[in-house]
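*Asks:* Got a structure for you, written out below as structure tokens; questions coming shortly.
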Amino acid sequence: MESGIRLSSLCLLLCLGPVAGFGVDPSLRIDVLSELQLGGSAEGVRQVPGLHNGSKAFLFPDTTRSVKASPETAEIFFQKLRNKYEFTILVTLKQAHLNSGVILSIHHLDHRYLELESSGHRNEIRLHYRSGSHRSHTEVFPYILADNKWHRLSLAISASHLILHVDCNKIYERVVEKPFMDLPLGTTFWLGQRNNAHGYFKGIMQDVQLLVMPQGFISQCPDLNRTCPTCNDFHGLVQKIMELQDILAKTSAKLSQAEQRMNKLDQCYCERTCTIKGTTYREFESWTDGCKNCTCMNGTVQCEALICPLSDCPLNSALAYVDGKCCKECQCKFYCGGCFIIPGFFLTLNHICVCTGHDFCTEGHNCMEHSVCRNLDDRAVCSCRDGFRALREDNAYCEDIDECAEGRHYCRENTMCVNTPGSFMCICKTGYIRIDDYSCTEHDECIMNQHNCDENALCFNTVGGHNCVCKPGYTGNGTICKAFCKDGCRNGGACIASNVCACPQGFTGPSCETDIDECGTGRHSCANDTVCFNLDGGYDCRCPHGKNCTGDCIHENKIKHNGQIWVLENDRCSVCSCQTGYVMCRRMVCDCENPTVDLFCCPECDPRLSSQCLHQSGELSYSSGDSWIQNCQQCRCLQGEVDCWPLPCPEVDCEFSILPENECCPRCVTDPCQADTVRNDITKTCLDETNVVRFTGSSWIKHGTECTLCQCKVKSLKIKLRCFFPSLFCGI
């Protein structure tokens, strides 16, 4: 019965996992895959096995398709999202290697109100959205998602607060522009593509949901910590508690029926005896044990403390304990030295009788088994040992406390409580080993190396199993942990440990961003009769004019003969040659007429129509390898896929800036009234010459002068106090 209850509870808890969503009001959830009814009506998309069997998963292959919500379905979605600033995107996916595709897109014409994209070419996740100023924004998160492996992704937005989780690990947390979700009529909802021609996602999707709540990642990863539960969580808990109460009521009814059947067995007479201290007693037989009256009842000894009668003692006598007796008896008073003496007591008449330091216990005491005699200043008293309780008020008789029966023990799962004199002990059940004094487990899978944790994960033994958690600086599900570098690794570097990049030859720095000057540091292999010239990511050995050089080259500690050509080991698209002592390296020249040309290095040589790309307007087509600029984004066609990323803009170092129409980068202006952005931060202040606090950007006339104007400015995160003559600005 107990195992049935545990099994039911476990099944109920499993229902709270990533499929159903823990504590989420259905009115706040958009289950995209269910609402779109994929599989039958969406050509080119078919159902396949997913990460789990709790919901349907669909394959998005490299074929023409149109996975788009109908206007009626899309409007149902938008009614929940319109004018909302707190929502979460959840998806479980397995994206094809090097694929660049759109996970979901909500857009109207060219305005992308909410679009989530994963680029396998540049190894980054992108979020496109519009802010309240009606401007388009793109947040880029360096991360490898297109690796043909399962990942659980969660993007939570709460006004200007954004959190990205991958596989239940917080990857990024940023402050962004507040999203603008005033979705106009005619807005479309696409899944796995931007439109009919672009942004095709290749891979499998499962559990695609939009939750109109700020902490929706809890639905995907219930174990993630947070400060406070939401009201939706509370309602969900109440619902599950009601279900548990229903299970408890049904179980109680079954237990009641079983109890009734057990009661019928009581009609069968079977005498049970009790054996105590070598003596056997029959049922209902009674005896005295110390100061207790005991009875054998159905094979169990039941004892009660003796009830002493109330006695009225005659004059010159008083109640006192007598050796070998459990109740007080009347004892005569004896007068001695000004004191009436009663066995066990001193009654003072004219003065106090005290025997300081006297050992009363050695003169005899009435403390029985499990009771200890202690000396006081004027008498001896009895005290029960630890784990025993008194049977009468003088503590002379004590009985053992059964911590197991009274629930006063600390034994946990997989143990049995065994009472001992004055204490208890926890015994492991058969087949279990001890974890500590109070709990046991089947076996320690971590210590015995019977786990599947990654080498960069920590193993935590649990009752009946173990948990794997990636070490700090690594991301994954515990069985597979990858090193994570927050800023990414540039110039072909690889992330090998937490924020540690392995840089290719010729580069260094935390993110492989710095070129190594082999010539300046002496880390080159140019011969003595050649001159070293530093190059980006390498160097060149040149023979000075008039010198008779050998013509051979040394590259990577290997001799390359004059005229020799070779491909770099770590970059198959770069070719090097030795020319009269000079090592010259460049990108491979693409010969499209060569039938063995490497299409990975030369995408422009790809003749297949499937490798061509269509411009966003639908009026132009591009060959693989072509690049163009569209809506302030750099776009490139690579084997039939269009990948676009924001154009890099130079940093604007001025107080006032404007983003002109039809331009991609802001420009400085002198008129603050024309500015879109004011760099001054009023939360930072300056102290003027009289120690008065001034806000950033404020101006004032310097104390004691008439022609000196001062201004508080912020530059490079440092407050500077600048003073100048007004004539520079006023034209005086």
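Each residue's number is its place along the chain shown, starting with 1.
Including glycine, each Cβ sits where the backbone N, Cα and C put it.
It should be emphasised that the depicted structure is a prediction, and the values quoted were computed from it without experimental measurement.
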*Asks:* Looking at TrEMBL, which of C489, C512 bridges to C503 via a disulfide?
*Replies:* C512
*Asks:* In TrEMBL, C485 sits in a disulfide bond; tell me which of C481, C495 is on the other end.
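*Replies:* Of the listed candidates, TrEMBL names C495 as the partner.
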*Asks:* Expressed to the nearest Å, what is the distance separating C512 (disulfide bond) and C495 (disulfide bond) at their Cα atoms?
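*Replies:* C512 (disulfide bond) and C495 (disulfide bond) have their Cα atoms 10 Å apart.
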*Asks:* Look at every Cβ pair spanning the domain 'EGF-like' (483-513) and the domain 'EGF-like' (357-399), keep those 6 or more apart in sequence, and say whether at least 3 of them are under 8 Å.
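*Replies:* The domain 'EGF-like' (357-399) and the domain 'EGF-like' (483-513): touching, no.
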*Asks:* C503 (disulfide bond) to C495 (disulfide bond): how many Å between their Cα atoms?
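*Replies:* Between the Cα atoms of C503 (disulfide bond) and C495 (disulfide bond), the distance comes to 9 Å.
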